[in-house]
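J.: Feature table excerpt (TrEMBL):
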DOMAIN    29-279  domain 'G-protein coupled receptors family 1 profile'
TRANSMEM  13-38  transmembrane segment
TRANSMEM  50-70  transmembrane segment
TRANSMEM  90-108  transmembrane segment
TRANSMEM  129-150  transmembrane segment
TRANSMEM  181-206  transmembrane segment
TRANSMEM  227-246  transmembrane segment
TRANSMEM  261-282  transmembrane segment
Amino acid sequence: MSGFKCSINDLKYLYFVIFFMLYMLVLFANITVIFVVISNKVLHKPMHIFLCNLAVNGIYGSTALLPPLVATLMSPPHEVSLACCKAQIYFLHTYAIIEFTILSVMCYDRYVAICYPLQYHTIMTITKVYKLIAFSWGYPLVAFALFFILTLRLTHCRNIIGRVYCSNYSLVKLSCDDTNVVSAIGLLFAVVYTFPQLVMTLYSYGHILKICFTATKESKIKALKTCTPHLFAILNYSVGCFFEIIQSRFDTSYLPFETQILMSLYFLIFPPILNPAIYGLSVQALRGNIFRLCGSKNKILPLK
């Protein structure tokens, strides 16, 4: 198969500049968070370590999307090879699952901090933190790979994808084979590799709400302040997933081209940009060190 043609607008140079600047912004914001957390021992706490992993995943997902997209935009045929398309599918889908898993782990961390404040350090040991991080990455990478094997075995009769990047559902629709079984198994796997995270999130916030109903006003404010950044991150991710589902399963061709691009790229671009901003501005310890780092003009001062 020669390649998959992507529908693009004639304003390729404008889009090149926009996507390039967005990628630079993603790298700057997330590398700043990673550097600050690693460089400051005071921030070597479970919540900040999980946030660091969220930043790493943001770079992982954006790198799987934006550089190939820019390269496709600037190549005259606007094509991508089948091998590169399959690789991008794996990277982007695992990014999405890893993002949800890390957010659910961070939710569990907030549950322990609010519901068991005195036992927090006993429960959230460094060993447990490493295990949760390994689960956050290992489970999505393996779970999606098991399902993606079915897609790799399909043969394809068509080669035009009407999107700016490759997705598993778009590739399956190009198959010559009967895809009903693959779609059914795909739905089953989607439940399998998101069910544990969903249960963890609902369980954690259910208990947090239960505690808040019986807590003092001061404790409620403290809990709300602790959970607000995480709730914004989940909401941001959920909006992106909603847009992705709408575009994948329904006809959105009647929408303006720019709106389709925004909906298509939202969950791949906005969470990696907004997560560092949300946590960097709302978490006091992180905010102070970021401002101190940015305020260093001539040299990097020790972060205290």
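Glycine too: its Cβ is placed from the backbone N, Cα and C atoms.
Automatic prediction, not curation, is the source of TrEMBL annotations.
What's the neighbourhood like for each of these?
T.: Sequence-distant contacts of the transmembrane segment (50-70), counting only residues of its own chain at least 6 positions beyond either end whose CB sits under 8 Å from a CB of the stretch, comprise 16, 19-20, 22-23, 26-27, 29-31, 33-34, 37-38, 80, 84, 88, 91-92, 95-96, 98-99, 102-103, 105-106, 109, 129, 132-133, 136-137, 164-165, 233, 265, 268-269, 271-273, 275-276, 279, 283, 286.
Among residues of the same chain six or more beyond the transmembrane segment (90-108), those with a C-beta under 8 A of the stretch's C-beta atoms are 47, 50-51, 53-54, 57-58, 60-61, 64-65, 132-133, 135-137, 139-141, 143-145, 148, 165-168, 193-194, 196-198, 200-201, 204-205, 230, 233-234, 237, 241, 244, 267-268, 271.
Listed as Cβ neighbours of the transmembrane segment (129-150) (distance under 8 Å, sequence separation of 6 or more from its ends, same chain) are residues 46, 49-50, 53, 89-90, 93-94, 97-98, 101-102, 105, 108, 168, 182, 185-186, 189, 192-193, 196.
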J.: Mean pLDDT for the domain 'G-protein coupled receptors family 1 profile' (29-279), as a whole number?
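T.: Mean pLDDT, the domain 'G-protein coupled receptors family 1 profile' (29-279): 85.
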J.: Quick test of the contact rule: Cβ under 8 Å, at least six residues beyond the ends. What residues does that give for the transmembrane segment (261-282)?
T.: 22, 25-26, 29-30, 32-33, 51, 54-55, 58-59, 61-62, 65-66, 92, 95-96, 99, 163-165, 228-229, 232-233, 236-237, 239-241, 243-244, 246-247, 252, 255, 290
